[in-house]
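Data block below; observations after.
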Amino acid sequence: MYNESPIIRRPSTRIYVGNVPIGDGAPIAVQSMTNTKTTDVAATVAQIRALEKVGADIVRVSVPTMDDAEAFKIIKQSVNVPLVADIHFDYRIALKVAEYGADCLRINPGNIGNEERIRSVVECARDKNIPIRIGVNGGSLEKDLMDKYREPTPEALFESAMRHVDILDRLNFDQFKVSVKASDVFLAVASYRLLAKQIRQPLHLGITEAGGMRAGSVKSAVGLGMLLAEGIGDTLRISLAADPVEEIKVGFDILKSLRIRSRGINFIACPSCSRQEFDVISTVNELERRLEDITTAMDVSIIGCVVNGPGEALVSDIGLTGGHAKSGYYDDGVRQKERFDNNKIIDGLEAKIRAKASMMANRIAITDKTE
């Protein structure tokens, strides 16, 4: 099966956000950010748990005030996933959430303040053994850089990032990652390319303020896909004006499409035409809904007719090819004697997929124990 990614990852140093390794060949971490009021502890904890359920490796939480910092303390004690505290303007909030157990501090060079304030944050992070993310954003560059470049440019984002990389280097602090996000795909991609050539720290990828569910997913897939295909990127966030849970799903779908990292089922399904022998679209939609809980990486092909069905089934863990009245069923590319009535496909195929996923998960567990 042709399932190995040809991508060679950019060499980078290793840091840890909580227990999640970032960089140096570690799996690319998928993260999201809460959109609740942080002071609403119950709502924020519920959202973080929902994100964790769909596979979030890391969750970022905005901490705009000291009241939010106090809420962060309770939130941190209530969840398992590592939390990044998102800090703007007031460096003292970073010091407070570090005391409260933040797993990473995100600071924005455009508004965090002078070098002395950054020094205070760095020394606190060093003392607590937690990393920092230098988070540059095209919408909040330093005033002197906007005066110099007139508008956000790759060079402006790069210069902003390097100013703070240099500060951390002078302070002999290497536990950090960097992002240079922009809402324009080409601006973000060019900025990350400049940064990737200059430093070895892990890079956090994102197209900021990408838009709603559909347009934002497409924009993120294009921009992040360009970078990931070049081996650039160690962690990512899909920024959508949508339920944060969808950000995690889209993030994994992007990684899955590049064969970088897989989680759950990769559905291969035809768009359907008049040759389809069953309703492909409703079948796929219902199976996706029912099987969201499966985390085992596997390929399932659902094709409505015999034109492409057998070929896709050949390279799938489970395959279904539409036939007259009954559809052919494949396991590991081998056609089985069993066939599905076309009006009973969903229940039957769900059972087969769940059994296959369980078997594959057990096989992986046994392999892990013997290695």
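Each residue, glycine too, has its Cβ placed from N, Cα and C.
A quick note: this is a predicted structure, and the numbers were derived from the prediction, not measured.
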Pick the one from CYS124, CYS305 that Swiss-Prot also lists for the [4Fe-4S] cluster site with CYS270, CYS273, GLU312. CYS305
Around the Cβ of CYS305 ([4Fe-4S] cluster binding site), how many other Cβ atoms lie within 10 Å? Please give the count over every shown protein chain. 20
If you count the C-beta atoms lying within 10 Å of each candidate's C-beta, which of the binding-site residues CYS270, CYS273 ends up with the smallest number? CYS273
Any further residue of that chain within 8 Å (Cβ to the Cβ centroid of CYS270, CYS273, CYS305, GLU312) of the recorded [4Fe-4S] cluster site: PRO271, SER272, ARG275, GLN276, VAL280, ILE303, GLY304, VAL307, ASN308, GLY309, GLY322
Sort out the sequence-distant neighbours of GLU312 ([4Fe-4S] cluster binding site) for me: same chain, 6+ apart, CB within less than 8 Å of its CB, listed by position. ILE268, SER301, ILE303, GLY319, THR321
